[in-house]
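Asks: This structure is in structure tokens; I'll ask about it shortly.
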């Protein structure tokens, strides 16, 4: 597929998003629509659209690529099963709490339960983590677009990033969540369709029927799901299950981005229906993602296509685009590009909206204003949205300037550590009903905990006889925070309401 054809497809794709944005924001450009989608979102649209948000462009290209590693194969599905349990806990424990308190920003719980400093700390953790995390995800996908499209035209990486974020800003700044509920539904449709159609086209190239293909995948060297043989390794079953549970609770249930869509449903019943439906779809779609990975490696073996090398390093995350854009033909290339674009922008547009919401509610106190749709307040929200778009641009450009994959991944990993303190804060609030904390000391606990975890993680193999800490690190992080909060706790004046 030629770079011109890819560019044309991207332009058409964004044209569709702009048309949707125009109609959705025509009479819904106020802050109520931006923050809460007027509290009348259809649960089935939210459930389907959340797939696109949960499955980023990194998942789209990285999960299939990892299947070729003998130590990984379908290992990721263990983590997905843990995710599913985590989603159910979020739906039955956290969502009812948020609805009972009628929250727009979920960090309002911390303010009422632990105090203002704790509240600002929790919101700051989200802002830092989500900015770095979303920038990292967009960065990895923009690299792919740069390699296969924009380098051909001599367009610099910074211009590619700037245009990507400008386009996202343009179709979200008016309608916000109201627009995103619809655009993410469309983008998820493209994402899911691309997975199924990719399987179809690869099967066709390998002369396999769909049913025979899954049997072939099952019998292949790539399809091992459950790893019980070595508890020291990161792929061990129970590590993945418990890691999946707690990562989901922290990075979904305690994340403004994912929860904001759920809170736009009319009531708790609809929000829970949305979460349960989403969970089922999420598990199924990941089976297909992993199957795509196995089929890609089988296709590569048959056609002499190896994993692409970048700076003498094998990049498994480039295998999918390499085959889809150069080997399968025009229609499969279009399908892949639509899926990759959808996965990337569904994640980023949602993140920018959530970052803007959190800052406006948690730091500017917009919700406390009697008329939240006042034109001056709406104008301030526009400026905040511009600010976060520019901040994300700077972070991505920094990642590219560093140009060291290990350093960039380390920054992303450090950012992900910050969700552990959120887990500890909410656990303390929910389980220690008769205690509160010395509010002023909470930021120190939330800084110390990730630092201790980083130290433990880098030395665990040496200290624990080869034991590798994997996804269970977030549990340790949350536990250290919880213990730290106990040290600075004091009796509450009475048992708390929440």
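Heads up, the Cβ atoms here are built off N, Cα and C, so glycines get one too.
Not my notes, these are from TrEMBL:
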{"type": "TRANSMEM", "residues": "6-23", "note": "transmembrane segment"}
{"type": "TRANSMEM", "residues": "43-64", "note": "transmembrane segment"}
{"type": "TRANSMEM", "residues": "76-99", "note": "transmembrane segment"}
{"type": "TRANSMEM", "residues": "119-140", "note": "transmembrane segment"}
{"type": "TRANSMEM", "residues": "152-173", "note": "transmembrane segment"}
{"type": "TRANSMEM", "residues": "185-202", "note": "transmembrane segment"}
{"type": "TRANSMEM", "residues": "236-254", "note": "transmembrane segment"}
{"type": "TRANSMEM", "residues": "275-299", "note": "transmembrane segment"}
{"type": "TRANSMEM", "residues": "382-402", "note": "transmembrane segment"}
{"type": "TRANSMEM", "residues": "414-432", "note": "transmembrane segment"}
{"type": "TRANSMEM", "residues": "441-457", "note": "transmembrane segment"}
{"type": "TRANSMEM", "residues": "469-488", "note": "transmembrane segment"}
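Structural setting of the listed features?
Replies: Sequence-distant neighbours of the transmembrane segment (6-23) (same chain, 6+ residues past either end, Cβ-Cβ under 8 Å): 148-149, 153, 167, 170-172, 174-175, 179, 182-183, 186, 325, 333-334, 337-338, 341, 345.
Counting same-chain residues at least six beyond the ends of the transmembrane segment (43-64), those with a Cβ under 8 angstroms from any Cβ of the stretch are 76, 136-138, 140-141, 144, 180-182, 184-185, 187-189, 191-192, 252, 257-258, 261-262, 264-265, 270-271, 273-275, 277-278, 281-282, 285-286, 289-290, 292-293, 296, 316-321, 339-340, 342-344, 346-347, 350.
Residues 63, 66, 106, 109, 225-227, 235, 237, 240-249, 252-254, 259, 262-263, 267-268, 271-272, 275-276, 278-279, 282-283, 286-287, 290, 426, 430, 471, 498 of the same chain lie 6 or more positions beyond the ends of the transmembrane segment (76-99) yet place their CB under 8 Å from a CB of it.
Remote same-chain partners of the transmembrane segment (236-254), defined as residues 6 or more beyond its termini with a Cβ less than 8 Å from a stretch Cβ, comprise 54, 75, 78-87, 89-90, 93-95, 106, 226-228, 230, 416, 419-420, 422-423, 426, 470-475, 478.
For the transmembrane segment (275-299), same-chain residues at least 6 beyond its ends with a Cβ under 8 Å from one of its own Cβ atoms are 43-44, 46-48, 50-51, 54-55, 59-60, 63-68, 74, 76-77, 80-81, 83-84, 87-88, 90-91, 95, 192, 195-196, 198-199, 202-203, 205-206, 213-214, 216-217, 220, 222-223, 262, 305, 319-320, 323, 327.
Listed as Cβ neighbours of the transmembrane segment (382-402) (distance under 8 Å, sequence separation of 6 or more from its ends, same chain) are residues 131-132, 134-136, 138-139, 142, 157-158, 161-162, 165-166, 168-169, 172-173, 348, 352-353, 355-356, 359-360, 364, 408, 411.
Away from its own ends, the transmembrane segment (414-432) comes close to residues 93-94, 97, 109-110, 113-114, 118, 121-122, 125-126, 128-129, 132-133, 136, 246-247, 249-251, 254-255, 442, 445-446, 449-450, 453-454, 473-482, 484-486, 489, 496, 498 of its chain (Cβ-Cβ under 8 Å, at least six residues beyond either end).
With a threshold of 8 Å between CB atoms, the same-chain residues lying at least 6 positions outside the transmembrane segment (441-457) that come near it are 114-115, 117-118, 121, 125, 414, 417-418, 420-421, 424-425, 469, 473, 476-477, 480-481, 484-485, 488.
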